[in-house]
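The next block holds one structure in the form of structure tokens; read it before the comments.
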Amino acid sequence: MLPPSTPDHLKSLAPRATQPPKCSSPPTTTSYNTPLHILALFLILLCGTTACLLPTLTRPHPRLSISRHALFISRHFGTGVLIALAFCHLLPTAFENLWNECLPHVWREGYAAMPGCIAMVGALAVAGVEMGFELRGVRCACAVEGVGGGDDESGRQMKQTTQVCATGNERAADLICPCETSDDRGSQSDSVEAQSDTLTAQQADQRRILQCLLLEAGILFHSVFIGLSISLSTGTTFIALMVAIAIHQIFEGRGLGARIAGIERFSVRSVKPWGMAFAYGLTCPLGQAIGLGLRKTYDPEGTTALLVVGVANAISAGMILYAGLVQLLGEDLLSEKSYATLSTRSRLEAVAALVFGCGIMAAMATWA
């Protein structure tokens, strides 16, 4: 209570002392229900882990295993989910956070395209990693193709091939590699072709593993902040967000799990698919646990939080967009191999599943 003698210009400033700063969250009027938030943590853990692990769990049991057709549909449905996740969830959140008026001028008006630029860097980083692994695979394949017999001429050609491959010159390797000269193959042709076919299959499996790892990296990067948002909400907002994100985790986990189960290199007893599935299932609950611990100090509307979440979502959007459009959609439906192997009916089913996945996840953006 101010004394009566207080000047009018100071009286007008008094109410501001009880108001929160401009760049902070308003004080909550709902009590924080800790047991309910802990229950939500285990619910999200169960939904995400089960959805991602289910395709791998059913592989060893023929009666329970998902048919190839169902796995095919799930894989393309998951591609649609991931594409919509990047376009309708991550990118809008990145722009919203990084254009917030609480951030410095450079983020809002100095260079307003910053969120898109960060997403572009994320996509190019994934492309660079994939390119590096592809070049490494080309060198290995060329070295194997250059392994010939014991005569001096074959030995010289093998050395030339290995040297050319080491420089990454595929065109020159095609001209020099003895595997391309049918007159000189002789009795070695069958063994060389077998080695080449085996290596090609191995490279295809390695490529699928790399794609899954890069895709999962983009998903995990933003899952922590999804968990944070659940733990920092209260009341009816918390209930709606918990239900929406539980469904979100199921669809997202289903898509990723179908991709993991489709890697034939993973044997039935391999622990790698389990590790990838548990990594996905645990990341969002990890964010929830962090939110539970920091709920009294972490301010989601603070400058630091806006920057961290905005940049992380932009990077994740770029990574998932590249993985979804180039690695998954491009290779599954637009590559030469897909046109040679997919029937018209299978292609239409794949496109329908893709569009359905996009639609479901785009609609989910209304709530989460």
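Quick reminder: no glycine exception, Cβ is built from N, Cα and C everywhere.
TrEMBL entries are annotated by machine, without manual review.
The compositional bias 'Low complexity' annotation in TrEMBL covers 19-29.
The annotation region 'Disordered' is assigned in TrEMBL to 1-29.
Residues 64-66, 71, 74, 227, 230-231, 238, 242, 245-246, 249-254, 256-258, 260-261, 266, 273-274, 276-278, 280-282, 284-285, 288-289, 292 of the same chain, all 6+ positions outside the transmembrane segment (36-58), place their C-beta atoms under 8 angstroms from a C-beta of that stretch. As annotated by TrEMBL, transmembrane segment applies to 36-58 (among others).
Residues or ranges marked as transmembrane segment in TrEMBL: 70-92 (among others).
Under the heading transmembrane segment, TrEMBL lists 112-129 (among others).
The transmembrane segment annotation in TrEMBL covers 277-294 (among others). Using a Cβ-Cβ cut-off under 8 Å and counting only residues 6 or more beyond its ends in the same chain, the transmembrane segment (277-294) has close neighbours at 34, 37-38, 40-42, 44-45, 48-50, 52-53, 56, 216, 219-220, 223-232, 245, 249, 253, 256-257, 260.
For the transmembrane segment (306-329), the list of distant contacts is 79, 82-83, 85-87, 90-91, 93-98, 100, 102-103, 107, 115-116, 118-127, 130, 211, 214-215, 217-219, 221-222, 224-225, 228, 259, 300, 354: same-chain residues at least six beyond its ends, Cβ to Cβ under 8 Å. TrEMBL lists 306-329 (among others) with the feature transmembrane segment.
Positions annotated as transmembrane segment by TrEMBL: 350-367 (among others).
Listed by sequence, the residues of this chain that lie at least six past the ends of the transmembrane segment (112-129) yet keep a Cβ under 8 A from its Cβ atoms are 91, 94-95, 98-99, 106, 210, 214, 218, 310-311, 314-319, 321-323, 326.
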